[in-house]
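One structure is given here, and the rest of the page talks about it.
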Amino acid sequence: MARHRNVRGYNYDEDFEDDDLYGQSVEDDYCISPSTAAQFIYSRRDKPSVEPVEEYDYEDLKESSNSVSNHQLSGFDQARLYSCLDHMREILGDAVPDEILIEAVLKNKFDVQKALSGVLEQDRVQSLKDKNEGTVSTGKIAKGKPVDSQTSRSESEIVPKVAKMTVSGKKQTMGFEVPGVSSEENGHSFHTPQKGPPIEDAIASSDVLETASKSANPPHTIQASEEQSSTPAPVKKSGKLRQQIDVKAELEKRQGGKQLLNLVVIGHVDAGKSTLMGHMLYLLGNINKRTMHKYEQESKKAGKASFAYAWVLDETGEERERGVTMDVGMTKFETTTKVITLMDAPGHKDFIPNMITGAAQADVAVLVVDASRGEFEAGFETGGQTREHGLLVRSLGVTQLAVAVNKMDQVNWQQERFQEITGKLGHFLKQAGFKESDVAFIPTSGLSGENLITRSRSSELTKWYKGLCLLEQIDSFKPPQRSIDKPFRLCVSDVFKDQGSGFCITGKIEAGYIQTGDRLLAMPPNETCTVKGITLHDEPVDWAAAGDHVSLTLVGMDIIKINVGCIFCGPKVPIKACTRFRARILIFNIEIPITKGFPVLLHYQTVSEPAVIKRLISVLNKSTGEVTKKKPKFLTKGQNALVELQTQRPIALELYKDFKELGRFMLRYGGSTIAAGVVTEMKE
């Protein structure tokens with residue numbers, strides 16, 4: 001065969017006559033220059049001298065925060081001080097102690113350049129002083145001892161002896177005490193090991209060295225400086241100050257007598273939620289004319305002139321391009337008696353999880369409905385978001401509702417159309433659990449701004465409507481009772497990296513209060529950290545309380561371990577995390593009966609977690625809560641039941657009886673909400 005002939009006729013001599021050396025390259029035959037060798041070739045003989053790297057110690061950060069608190073600065077000045085310190089540490093590193101940097105910043109009135117110049121000049125003078133002292137001490141040594149005895153010290157090393165130093169009242173072995181020439185760097189004295197003859201000569205020479213260096217470095221300098229730097233007095237003092245704060249009095253002082261209220265705007269997609277609230281913010285003066293003019297021009301170029309006011313709250317390019325709100329937009333405005341935190345929730349069915357996140361943080365709600373013919377019916381009938389949003393906010397604890405009947409100008413402010421909408425909606429909201437006294441209907445027009453911040457003067461409306469405008473109705477809402485006396489709880493809604501050290505989280509404080517310098521515990525990661533700064537409505541503050549939407553700057557923890565949905569609490573009274581819990585659920589309008597092993601999506605605060613219904617324990621009476629049936633085979637629409645759920649990952653939960661805000665959740669399946677529930681018992 002042909003392939004056999006190729007093998008038998010192969011000339012192997014051609015392979016053996018190959019003169020190429022494959023073990024080295026062609027260039028290795030030539031000499032390499034010393035400069036090239038020094039630049040590109042590694043020599044094992046010349047071992048680089050590696051200096052010991054100082055470990056990051058959290059106590060240093062704690063001491064720096066304590067030193068800042070000793071100066072009793074205001075919240076704004078403290079934020080400026082932290083900013084200056086971060087800038088100076090980027091240039092100087094950790095070579096200069098925080099106390100020196102703080103004194104320099106305060107002395108130069110927060111001018112970073114002057115403070116840096118002062119610190120560098122101080123270090124230069126100190127280094128010259130140390131150099132002069134070193135030459136004087138070596139001169140004294142040369143006089144007190146012959147040169148031969150000094151050179152003979154390099155023959156063998158001195159045997160070190162263990163030195164014990166007292167730190168914070170406890171005796172600990174800190175290192176070795178070696179006789180040698182003492183020197184000073186940055187205010188800390190230390191001993192340098194030197195070589196010398198056997199022990200007898202070493203002791204004799206060390207006596208001379210000690211007498212020579214007595215004036216420059218006393219023998220107890222290390223111990224004294226360590227005791228002074230490790231004194232925990234600032235920590236105790238700051239703790240006492242935190243305990244003495246009267247949170248209720250500070251709340252009144254901070255708000256100027258105005259009460260805080262968290263408002264969420266909900267409704268069917270394209271009902272005009274963003275336009276309505278954006279126009280209200282513009283009329284209140286929160287948006288200046290220049291910015292509004294820019295939005296008008298940009299929306300005209302995009303072919304969406306009517307979306308100009310919506311762009312006040314829809315800030316991302318994708319939201320503006322698609323013309324729908326996708327994430328919860330947050331801003332602040334004030335009424336006569338309230339400070340309102342406004343949350344504009346998305347209305348599209350695909351973004352219901354984001355809407356649940358916003359509704360879970362709200363105290364009251366504004367439900368926006370479209371008064372146009374056919375549009376209201378599309379949003380209110382089966383498949384529309386008006387019904388689902390109403391059920392969601394009621395299930396998440398919202399009891400006060402203002403219904404803004406929007407786009408009334410398109411139906412010429414007809415009283416019949418307004419009464420038709422209020423009749424249908426009023427009946428549904430009453431079934432959902434809202435009291436008639438807590439629901440108000442206001443005719444509005446988001447595009448023209450009619451009946452938003454002032455009562456309408458249009459004759460078509462005033463001839464049959466004599467009620468409040470939308471802003472007056474929002475101002476008349478009653479704020480809920482804040483849980484300031486309960487342990488601290490904050491649910492994370494966003495995590496991001498800050499420019500300085502540490503990272504930032506945002507969220508609403510559900511209970512308790514917090515101050516800068518406090519220690520926090522994150523659950524379920526079970527990691528601790530320290531609050532470096534607090535920001536409320538883009539302004540740095542010293543503390544925040546329940547109901548506030550804040551941004552916290554945290555240090556002492558890795559950002560990778562924190563996710564959206566984590567809950568921060570006090571280390572003394574932590575929140576529990578579990579994967580199995582029992583709950584009482586109310587089932588909505590569902591097509592498929594719920595059975596054992598039914599998969600659901602659990603929405604809790606800002607968490608969205610897959611879960612499974614492990615057990616159907618009993619069916620309960622809606623009004624009395626009594627057990628009507630034990631161990632049911634399935635659950636259908638409208639039933640109230642006790643079930644056991646299991647999640648894939650641990651979730652930090654609270655019992656509904658202890659924390660109502662943190663005891664509610666929603667269950668969704670197949671893109672629709674199927675049940676609302678409250679936590680009754682945690683299993684594991």
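Cβ atoms here come from the backbone N, Cα and C positions, even for glycine.
Swiss-Prot lists 267-274, 406-409, 445-447 with the feature GTP binding site, giving similarity to another entry as the kind of evidence. DSSP assigns Ala271 (GTP binding site) to coil in the three-state reduction, placing it in neither a helix nor a strand. Within 10 Å of the Cβ of Ala271 (GTP binding site) there are 30 other Cβ atoms, across all protein chains.
Residues annotated as domain 'tr-type G' in Swiss-Prot, with sequence analysis given as evidence: 258-482.
The annotation phosphoserine is assigned in Swiss-Prot to Ser49 (among others).
Positions annotated as phosphoserine by Swiss-Prot: Ser67 (among others).
The phosphoserine annotation in Swiss-Prot covers Ser117 (among others). If you draw a 10 Å sphere around the CB of Ser117 (phosphoserine), it holds 13 other CB atoms from the protein chains shown. According to DSSP, Ser117 (phosphoserine) is assigned to a helical segment.
Sequence annotations record features per position, and here Swiss-Prot assigns phosphoserine to Ser127 (among others).
For Ser152 (among others), the entry in Swiss-Prot reads phosphoserine, with the evidence type similarity to another entry.
Annotated phosphoserine per Swiss-Prot: Ser154 (among others), in sequence order.
Look at Swiss-Prot and you will find Thr231 tagged as phosphothreonine, backed by similarity to another entry.
Every protein chain shown contributes to the tally, and the Cβ of Lys622 (N6-acetyllysine) ends up with 10 other Cβ atoms within 10 Å. Annotated N6-acetyllysine per Swiss-Prot: Lys622, in sequence order.
The feature region 'Disordered' is assigned by Swiss-Prot to 130-241.
Taken from Swiss-Prot, the feature region 'G1' applies to 267-274, supported by sequence analysis. Listed as Cβ neighbours of the region 'G1' (267-274) (distance under 8 Å, sequence separation of 6 or more from its ends, same chain) are residues 309-310, 312-314, 324-325, 329, 344-349, 367-370, 375, 378-380, 384-386, 389, 406-407, 446-447.
Assigned with DSSP, the residues of the region 'G2' (323-327) fall into helix, strand and coil as follows: 0 helix, 0 strand, 5 coil. Annotation source Swiss-Prot lists region 'G2' at 323-327, citing sequence analysis.
Taken from Swiss-Prot, the feature region 'G3' applies to 344-347, supported by sequence analysis. Tertiary proximity for the region 'G3' (344-347) is limited to same-chain residues at least six positions away from its ends with a CB under 8 Å from its CB atoms, namely 264-271, 273-274, 277, 313-314, 324-330, 354-355, 358-359, 385, 389.
Counting every protein chain shown, the number of other Cβ atoms lying within 10 Å of the Cβ of Met408 (GTP binding site) is 29.
Taking the C-alpha positions, the distance from Val269 (GTP binding site) to Lys622 (N6-acetyllysine) comes to 32 Å. For Met408 (GTP binding site) paired with Lys622 (N6-acetyllysine), the C-alpha to C-alpha distance reads 38 Å. Taken residue by residue with DSSP, Lys622 (N6-acetyllysine) is part of neither helix nor strand, so it is coil. Mapped onto three states, the DSSP output places Leu447 (GTP binding site) in coil. Around Gly267 (GTP binding site), the same-chain residues at least 6 positions away in sequence with a Cβ under 8 Å from its Cβ are Lys273, Gly347, Leu367, Val368, Val369, Gly379, Gln385, Thr386, His389.
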